[in-house]
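Residues or ranges marked as region 'Disordered' in TrEMBL: B:1-30, B:795-819. As annotated by TrEMBL, compositional bias 'Polar residues' applies to B:8-22. According to TrEMBL, the transmembrane segment annotation covers B:73-95, B:143-159, B:171-190, B:196-214, B:226-242, B:292-312, B:324-342, B:354-380, B:416-435, B:447-478, B:545-565. For B:74-473, the entry in TrEMBL reads domain 'Oligosaccharyl transferase STT3 N-terminal'. According to TrEMBL, the feature domain 'STT3/PglB/AglB core' maps to B:606-658. Taken from TrEMBL, the feature compositional bias 'Low complexity' covers B:802-812.
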Amino acid sequence: MLSLALTALLPLAYAINVPQTYINTAIARTVELGGLTTHVNTQYNIKATDDAPGEYYLALAGEESQVPAWWEVSLGGKKLEGRLLDESPPTVVVDLGKTKKDETVTLSLTQVLAHSSTPLPAEIEQRDPQYLVWKTNSTYVDSWYKTDVERVKIRSPHPSIVSYSSVPETYTRDNTVTKSGGTLTLGPFHSLPPTLSIPQGQKAVVEQKPFSVHYETKDPIVGIRTLKRSAEVSHWGSNFNIQDEIDLVNEGPKLKGHFSRLAHQQSKFHASVPAQILTELTLKLPPTANSPYYYDTIGNVSTSHFRQGSTPAEQKKKKSRTSPRVVDGNLELRPRYPLLGGWNYSFTVGYDIPLGDVLKSETSGRKVLAVPFLTGLKDVVVDQAELVVILPEGASDVQVYTPFAVDSIEHSTHKTYLDTTGRYAITLKKTQLTENHAQNVYVTYYYPLSAHFQKPLTIASLVGSVFLLGMGLRRVNYSIEKK
Amino acid sequence: MAPKGKSPGTTPSKNHPLSTPSAKKVIEDPLGKSIPVEEDELPNGTITPKVLKLAYPLPEHISPTTINNTESLLRFVILALTCGAAIGSRLFAVIRFESVIHEFDPWFNFRASKVLVNKGFYEFWNWFDPTAWYPLGRTVGTTLYPGLMVTAGLIWHFLRLINMPVDIRNVCVMLAPGFAGLTAWTTYLFTKEMSTPAAGLLAAAFIGIAPGYISRSVAGSYDNEAIAIFLLMAAFYTWIKAMKTGSALWGMLTALFYGWMVAAWGGYVFITNMIPLHAFVLILMGRFNNRLYTAYSSWYVIGTISSMQVPFVEFLPIRTSEHMAALGVFGLLQLIAFVEIVRRLVPGKQFQLLLRAFVVLVFVVSFAALVVLTFSGWIAPFAGRFYSLWDTGYAKVHMPIIASVSEHQPTAWPSFFFDLEMLIFFFPAGVFWCFKELRDEQIFIIIYATLSAYFAGVMVRLMLVITPVVCVAAAIAFSKLLEAYIDPVIPESEEEIEEATAHQPMSKAKAKKIAAAQQNKGEFNFTGILGGKGNKGIFGLDTRFAVVSVLSLFLFLFVYHCTWVTSSAYSSPSVVLASRNPDGSQNIIDDFREAYYWIRQNTEKDAVIMSWWDYGYQIAGMADRPTLVDNNTWNNTHIATVGKAMSSNEDVAYPILRKHDVDYVLVIFGGLLGYSGDDINKFLWMVRIAQGEWPDEVQEVNYFTQRGEYAVDERATPTMKNSLMYKMSYYRFHELFGGHPAQDRVRGQTIPSTGIQLDTLDEAFTSENWIVRIYKVKSEDAIGRELKAVSSFEGGKKLKKSASSSAAAVGGKKSRPNM
C-alpha cells in the first residue's frame with residue numbers, strides 16, 4: 001500500500017530538474033554507527049563537465065527518506081550555506097563558486113541521522129548483551145550525478161557484528177563487502193549512474209538496495225522524549241539561569257521479565273554492568289556554571305556530583321591548582337534508579353552562569369545574549385525541544401537569531417517574582433535534535449536604565465503605601481461607643 | 001507604695017500589684033531577665049524614696065514616656081526575634097535534607113492541597129478519589145478537615161496575586177514553621193492576659209522552641225496540628241479577652257478562630273469542652289456576670305454555626321455527646337441570666353430560692369433528656385477514640401488499628417522531660433500562682449492544665465495539647481521568680497522597722513493594723529516572698545546573683561536541650577533517611593523515593609498497588625497510583641483483608657490479590673540496612689487486625705515459636721515462613737551474602753539459606769538498600785494450570801538450562817477481569 005502511494009507521488013518528487021553539469025570523480029562515505037544517532041561523513045570529489053556548471057545538487061538522502069536531523073556542507077574545510085529544496089528527495093543546492101570545465105573540488109557533507117538504528121531483539125533480559133540493527137535504503141551514496149568510484153565504510157562501535165546484508169555485484173570489480181573488526185567496507189563501486197532519476201532520463205538509474213547491519217553496542221541507548229529549557233536573564237542578580245526539564249527514556253531493547261536488584265548489585269560488584277543499564281549521565285556544563293540543582297517531581301535527587309569548571313581568568317584569582325586551560329564543569333547525574341530498557345525517568349536540572357559570560361553589550365546599548373539551545377549529550381536524540389528565553393522586565397526591541405532552522409518562534413509575556421508589567425519571553429520549538437545542535441541562539445534587545453529601577457520603585461511604593469495605609473487606619477476610631 | 005509593699009490580692013477581683021504596670025516597669029532582654037526600674041514619683045505610701053534601699057544602682061531621670069517607648073520597642077523586637085527563633089529552629093530538616101513533605105499524613109494533605117490549587121475549590125470540595133481504597137474509592141471532600149489545605153491554598157493564591165509564583169510544595173513545607181511563629185505571638189498575648197507582659201515574652205520564647213510542639217510542626221510536617229495549635233491559642237486568647245471585656249466582638253473573634261479550628265483539626269473538641277467547662281466553673285464559683293454571658297453566647301452561637309459549615313462536622317455539634325457540654329452550658333447561662341433579671345425585678349428571698357430550684361430542676365431535666373436521647377439513639381454516644389482516652393486498654397481490645405499507631409500509645413514518663421525539659425518542673429509552680437490569684441482567666445489555666453495533663457498522660461499524641469499550657473504556666477512561675485530576685489529593692493530588716501515605728505508614732509497604728517489583719521485572717525499564710533509581705537524579700541546582692549544565674553543557666557540548658565531534641569529526634573523527614581559514612585560525611589538513603597518514583601514512571605497509570613496502610617498516602621502522593629488501603633483507616637475490613645493477604649500463604653493470598661485487581665505488592669524491608677520501622681516488625685499488627693475479622697483463619701499464636709518468641713530465623717513457625725510477608729521480605733535475601741550466613745540486621749537473626757519459592761509473584765523492583773521491595777502479581781496461567789504447577793514445571797526445565805533468569809514464568813499481558 002505504502003509503496004503504491006509512494007509510486008503515485010513519484011512524479012511530483014521528480015520536479016527537481018538537475019542539469020548534468022557535474023560528475024563525482026570519487027565519493028568516500030564513512031558511517032559511524034551508534035545508538036540513537038548515526039554520523040555520516042561523505043567526501044565528494046566533484047568535477048565540472050561544463051564551463052558554467054551552475055549550482056551543485058547535493059542529495060541528502062534517498063527517495064523515501066526524511067531530511068537528516070542535522071547536516072552541514074563544507075567546501076575545503078569552509079562551511080557552505082546550502083539551500084534546502086522543499087521537494088523530496090531532500091536535496092541541497094550548493095554554490096561551488098566559479099568552476100570551470102574539468103576543475104575538481106572537494107565537498108564534504110556531514111550528516112547526523114536520528115533513530116536509524118533499532119534494537120533487535122526488541123526485548124532482552126537484564127544481563128543479556130544488546131544488539132541494534134541499522135537500516136538504510138541506500139546502499140550506494142545518493143547522488144544526482146554520475147559517480148566514477150565510490151566507497152562506503154560502516155563502523156560499528158563494537159567489533160561484534162552479527163550479520164549484514166549483501167550488496168549486488170553490479171558495480172564492483174572484486175569484493176562487495178569486506179569486514180575487518182568492526183568495520184564494513186562496501187565497494188569500491190565503479191562507474192555508478194546517478195541513483196536519483198533525472199526527468200530527461202537518458203541513462204539507466206541505479207536501483208538502490210536497502211542495507212542493514214546487526215551489531216552490538218556497549219553503551220546504554222538514551223533518548224530524550226521532551227526537553228524544556230528555560231533560560232532566564234537577571235540584570236539585577238547579574239545571573240543567567242538555565243533549567244532543563246528532561247524526559248529521559250532508555251530506548252534500548254526493552255527489559256524482558258523483571259529487574260533483579262540482586263543481579264544488578266552482583267554485576268556492579270564484578271564491574272560488569274550490562275550495557276543496557278544506564279546508571280549515570282554526565283552533563284558538560286559551561287566552565288563558569290555554578291550552583292547546579294537536580295530534582296524531580298517528588299523532590300531533590302541526592303545522588304549527583306558536580307565538578308566545577310574553571311577558566312584561565314578565574315585561575316589567576318583563585319590561586320588553587322587548577323588547569324590553566326578552560327575546563328568544563330561536569331555534572332554527574334545518577335537517576336534515582338538504574339534505567340533499564342524501556343524505563344522512563346523525568347527530572348529537572350538547572351544551574352547558574354554569571355551573566356557577563358553570556359551577555360555582551362554593544363556600544364549602541366544593544367545587548368547580545370547567547371543562549372545554548374541544549375546541552376549536548378553524546379549519541380542522544382531529543383525528540384521534542386522547547387527553549388524559553390526570558391528576558392528581564394523592560395527589555396525591548398527583541399530580535400532572535402537561530403543557528404539552524406527551528407519549527408516555531410513565539411513571543412509572549414512571562415510574569416514571575418516582583419513583576420508588574422511582565423517579562424519578555426521567546427519560545428522556540430524544534431523536533432529531533434542531536435548533540436550537533438548544541439549551539440547558541442542569539443537574542444538581542446535593548447534594556448534602558450529606567451527598566452533597572454522598575455522593581456525597586458515598585459517595591460518601595462508598595463511598602464510605602466502599606467505604611468501609609470497603616471498610619472491612616474490607626475487614626476480612625478472604630479468604637480461604636482461614644483466617649 | 002513599694003512594689004512588694006502589699007500582699008497580693010486576696011480577693012480575686014482586685015488586681016495584683018505586680019500585674020499593674022504603673023507600679024513597676026519591667027524591661028526584658030531576650031534571655032528573660034527583667035530589670036525593674038523604679039519610677040521617681042512613685043512612692044506615695046509609708047516609705048519615702050529616701051528610705052528605699054536598692055541592691056544595685058538604677059539609672060535616674062528617665063522620663064516615663066521614654067521607658068514606655070523603650071519597653072514597647074523592646075517587646076516588639078523580642079517578640080520578632082522569638083518568632084524568628086521559632087521558625088528557624090524548625091528548619092533543620094530543610095537545611096539538612098531539602099524542602100520535602102514529611103512522613104505519611106502530610107503527603108495526603110499535600111496531595112489534597114495540589115488538587116485544591118490546581119483544580120479549584122469546588123473540585124476539591126466535591127473530590128471523589130477513585131484511586132484510594134481501591135475499588136471502593138473515597139469521598140475525600142467530606143471526609144477530611146479542609147482547614148489546612150484551604151489555609152495553604154489561600155496563602156498560595158495570595159502569593160500568586162502579588163506575582164510570587166511560589167511552588168505549592170514550598171507553601172506546604174513552610175506552613176508549619178510560619179504558624180509556629182504566629183503561635184509564639186498568640187501565646188504572648190494569652191500569657192499577658194494571665195500575668196505580665198514579661199511572662200508573656202517568656203511564654204512566647206518557651207512555646208517557640210519547646211520540643212513538644214516542634215515535634216508536630218517542623219518544616220515539612222504539613223499536618224493539621226501545624227496550624228491547630230495557633231488556632232487553639234488564638235481561640236483561647238480571644239475567649240479570655242471576650243470574657244474579660246464582655247465584648248461581643250471578641251466573642252465573635254473567638255467563634256471565628258473556633259470555626260477555623262473545627263475546619264482544621266479533630267482536636268477542636270478540646271476547645272468545645274474547655275470553654276464551657278471554664279464558664280461552668282465560673283458559674284459554680286458564683287462569678288456569673290453579664291460579660292461572661294455575652295462572651296459565651298456570642299461564641300457558642302456563631303461558633304457552632306460556623307463549625308457546622310464543615311462537611312465533615314455538619315450536624316455533629318447537636319448530635320454527639322462530645323458537643324453536649326457546650327450546649328448545656330449555653331442553656332444554663334440563659335437560665336441564670338433569666339433568673340438574674342427576675343431577681344433584680346422581684347425581691348424576696350423565697351422567690352429567689354424558688355428560682356434557684358427551678359434552675360436546678362431545668363438543668364437536671366435537660367441532662368436527663370440528654371441521657372434519654374443518647375440511649376434512644378438520637379444523640380450519638382462518644383466515639384471509640386474518645387473512650388480510649390478514659391480507658392487506655394480499650395483500644396487494644398476493640399480497635400487494634402488505633403492501638404497499632406505508635407502515637408496513640410500512653411505517654412512514657414521520660415517523654416515529658418524529653419519534650420518539655422525544665423518547663424515540666426515549673427509548670428506546677430505556675431499553676432500554683434494561678435491558684436493564688438484565682439482571677440477568672442487564671443481559672444482557665446487551672447482547668448486547661450488539669451485536663452491536658454491527664455490527656456497528655458493517656459496518649460503520646462496529646463503531648464501537643466499540654467505544651468502550650470505548660471509553657472504559659474512555666475513562664476508565669478519563671479517570671480515571678482525572676483521578678484522577685486531581680487527586684488533591686490532591699491526590704492527593711494526588722495530592727496529598722498522597729499526603729500522606724502519608734503521614730504514615727506504616727507505609723508504605729510498602721511503597723512498594728514497590719515498585724516491585726518494578719519491575725520484576723522487566720523488562714524494558711526505563706527512566708528517569704530510567697531507571702532509577699534513588705535519586710536520579707538531578698539536582702540543581699542549575692543542571693544540575687546546566685547538565683548538569677550541558676551535560672552539563666554536553666555534557660556541556657558533549655559535552649560540547648562530543645563535544639564538538640566529538635567535536631568536529633570524531630571527533624572527527620574522519614575521519607576529520606578540519613579546515615580554517616582566512616583569519614584563523617586552524610587550518606588542519604590533515598591530508597592522510598594527511588595521505589596515510588598520507579599512506580600510512577602514505569603508502571604501502568606492504573607496499576608493497583610497493595611501495601612500495608614502506613615504507605616498508602618505516600619504511594620498516592622509520590623507514586624500516583626491507586627492503593628488498596630491508606631492512612632485514612634476508615635474501613636477496617638479492607639485493612640484486615642490486606643492484613644490477611646500479607647499474613648496468609650500464597651494459596652490463600654493469591655485469590656485475594658486477584659479479586660482486588662492488585663498489580664503490585666509493596667513491602668518495606670529493613671533487614672539489610674537495619675531500618676527498624678519495616679513491615680516484619682509491623683507484621684504482628686497485620687496479623688492481629690486480620691484476626692479481628694477472620695479469627696478462624698488467622699491466629700496470632702501461629703506466628704510465635706513454641707517458646708513464645710517472634711522469630712524469623714530457623715525457629716520461625718511454618719505459618720510465619722509461608723506467609724506472603726515473610727516470603728516477600730526475605731526473597732533471595734540470602735543470595736546477597738554469597739554463602740555466608742544471611743544476617744537480618746534489625747532482628748539480629750540469621751535467615752535460613754533455603755531458597756524461598758514465590759509461585760504467584762515476581763520480583764519487579766528492589767530499591768538500592770533493599771528497603772522497598774515491589775512484587776508483580778502474576779496473572780493466571782494461560783492454559784489454566786495452577787501457578788504453583790507452572791513454577792515447578794518451569795523450575796524443572798530450568799534445571800537443565802543454566803539458571804539464568806528469575807523471571808522464568810512470564811505470562812501473557814495481564815487482562816483485568818471486568819468489574
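We count from 1, first residue shown onward.
Each residue, glycine too, has its Cβ placed from N, Cα and C.
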Stretch of maximal Cβ-Cβ contact with the transmembrane segment (B:226-242) [cut-off: under 8 Å; candidates B:73-95, B:354-380, B:447-478]: B:447-478
Composition by DSSP (helix, strand, coil) of residues within the domain 'STT3/PglB/AglB core' (B:606-658): 32 helix, 4 strand, 17 coil
The transmembrane segment (B:292-312) in contact with the transmembrane segment (B:143-159), cutoff 8 A, at least 3 CB pairs, sep 6+: yes
Contact call for the transmembrane segment (B:354-380) against the transmembrane segment (B:324-342), three or more Cβ pairs under 8 Å: yes
Listed stretch, out of B:73-95, B:143-159, B:196-214, that has the most CB pairs under 8 angstroms to the transmembrane segment (B:447-478): B:196-214
Local confidence of the prediction over the domain 'Oligosaccharyl transferase STT3 N-terminal' (B:74-473), expressed as mean pLDDT: 87
Recorded stretch that, among B:143-159, B:171-190, B:196-214, B:324-342, has the most CB pairs under 8 Å to the transmembrane segment (B:73-95): B:171-190
Among B:143-159, B:171-190, B:324-342, stretch most in contact with the transmembrane segment (B:196-214) (C-beta, under 8 angstroms): B:171-190
